[in-house]
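Visitor: The following block contains the structure, expressed as C-alpha cells.
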Amino acid sequence: MNPQAKLIFTSSLILGTTITISSNHWITAWAGLEINTLAILPLISKSHHPRAIEAATKYFLTQAAASALLLFSSMTNAWHTGQWDITQMTHPTSCLILTSALAMKLGLVPFHFWFPEVLQGSPLITGLLLSTAMKLPPIALLYMTAQSLNPTMLTGMAILSAALGGWMGLNQTQIRKILAFSSISHLGWMAIILIYNPKLTLLNFYLYALMTTAVFLTLNSTNTTKLSTLMTAWTKAPALNAMLMLTLLSLAGLPPLTGFLPKWLIIQELTKQDMAPAATIISLLSLLGLFFYLRLAYCATITLPPHTTNHMKLWHTNKSVPSSIAILTVLSTTLLPLSPMISAAI
C-alpha cells in the first residue's frame, strides 16, 4: 500500500477514535465511529485476496447496522427526554437498543459471528487494530453510559461471551481465529463488571490490549498464522518464542503474570456486589480459554516437529528483536506486583 495512503488511513483512525472518546453529543460520537469504520476498511482489504474482500464486506455490513442502531437509540432517547447528551441516556428501550448496538460493534455474544471471520481475513497488523484500537470507542461509550444500562442483560451477555469464546476456540487451528475467540472471552470479563465498577472494565481493556499487542507483533515478526507453522517458528527466534509462551499464559490469566491482575480484581468486586455465583461461573468458563492458550504455548515452545515434516526449518538469523516487542512482552508478564497500587487507585 502507498505510504501516503497508509498515513491518511492511520490518521483517520486516530481522529475517529479521538472524536468519539471526547464527544458529549450522540451525533459526534456516531460520526467518529463512522470515520473509524471507513478508515479501517482499506487496511482490511489491501491484499486484494477474496478472503480479505469478504472480511471487509462483512465488517462494513455489521458496523453499518450497529451504527444505524446506535443512531436510532440516541434519537429515540432524544424524542422521549429532549436530551442528546451521552450521559443522559435514561429511556429504558433506548438503553437496550444502545447495548445491542455497542455489543455488535465490539463482537459480544450474541453479535459475535462476524469477528472471527473478519480477523481471519485480515493481515496480522490490521487484526491487531481490530482487536484493540477499534474496540476503544465502543468501550468508551459503554463507560460513559454505564449507569443507565440493564445489569441483567449485560451479565447474561458477559457469561455467554466467556462461554462461547472459550468453547469455540477449542478446535481452531488458525491462530487469528483463536485470538478472535480469546477477544470475545475477554470482552465477557469487561462487560460483567461494567455496571459495578467501570474503571475495572477500562483497566481490563488496557491490559488485554497490551498483551494482545505483544502476541500479534511477535507472530508478525515470525510470520506465523497457523498452528503448524508455529511449531517450526521456534527455530527463527528461540528467545522470542519463549517469551510468547509467557505472554500467552498471561492472556490466559495465570498467576503470577499480568493477566491475572484484572481477573483477580473483577472476581473480588463481583463478590463484594453479592454476585458470587456469576463470579464462580465466569471463573470456571475461563478454564476453557486456558486450554487453547496452553495449546498455543505448547506449540510455540514445547513441541518439536517430527523429522519427516514438510515444513522447512527456518534457522534464526542474527536479526535482533524489535525493542517495542521486548518492552510489551516484559510488561505483559511482570505487572502483577503493581496490583496494590492499582486497586488503591480504583
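The first residue you see is number 1, and the count goes up from there.
Quick reminder: no glycine exception, Cβ is built from N, Cα and C everywhere.
Here TrEMBL flags 23-288 as domain 'NADH:quinone oxidoreductase/Mrp antiporter transmembrane'. Residues annotated as transmembrane segment in TrEMBL: 56-76, 96-115, 152-171, 178-196, 202-219, 240-261, 281-304, 325-345. Under the heading domain 'NADH dehydrogenase subunit 2 C-terminal', TrEMBL lists 290-342.
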Visitor: To the transmembrane segment (178-196), which of 56-76, 96-115, 240-261, 325-345 is linked by the most Cβ pairs under 8 Å?
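Guide: Selected stretch: 96-115, with the most Cβ pairs under 8 Å.
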Visitor: Restricting to CB pairs under 8 Å, which listed stretch, 96-115, 152-171, 281-304, 325-345, is in contact most with the transmembrane segment (240-261)?
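Guide: Stretch with maximum Cβ contacts: 325-345.
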Visitor: Restricting to the same chain and to residues at least six past its boundaries, which positions have a Cβ under 8 Å from a Cβ of the transmembrane segment (281-304)?
Guide: 158-159, 162-163, 165-167, 169-170, 172, 175, 178, 181-182, 185, 188-189, 192, 227, 230-231, 233-234, 241-242, 244-245, 248-249, 251-254, 263, 267, 270
Visitor: Near the transmembrane segment (96-115), which same-chain residues lie under 8 Å Cβ to Cβ, leaving out any that are not at least 6 residues past its ends?
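Guide: 33, 58-59, 61-63, 65-67, 69-70, 72-74, 76-77, 89, 130, 135, 137-139, 141-142, 145, 149-150, 153-154, 157-158, 160-161, 163-165, 180, 183-184, 187-188, 191.
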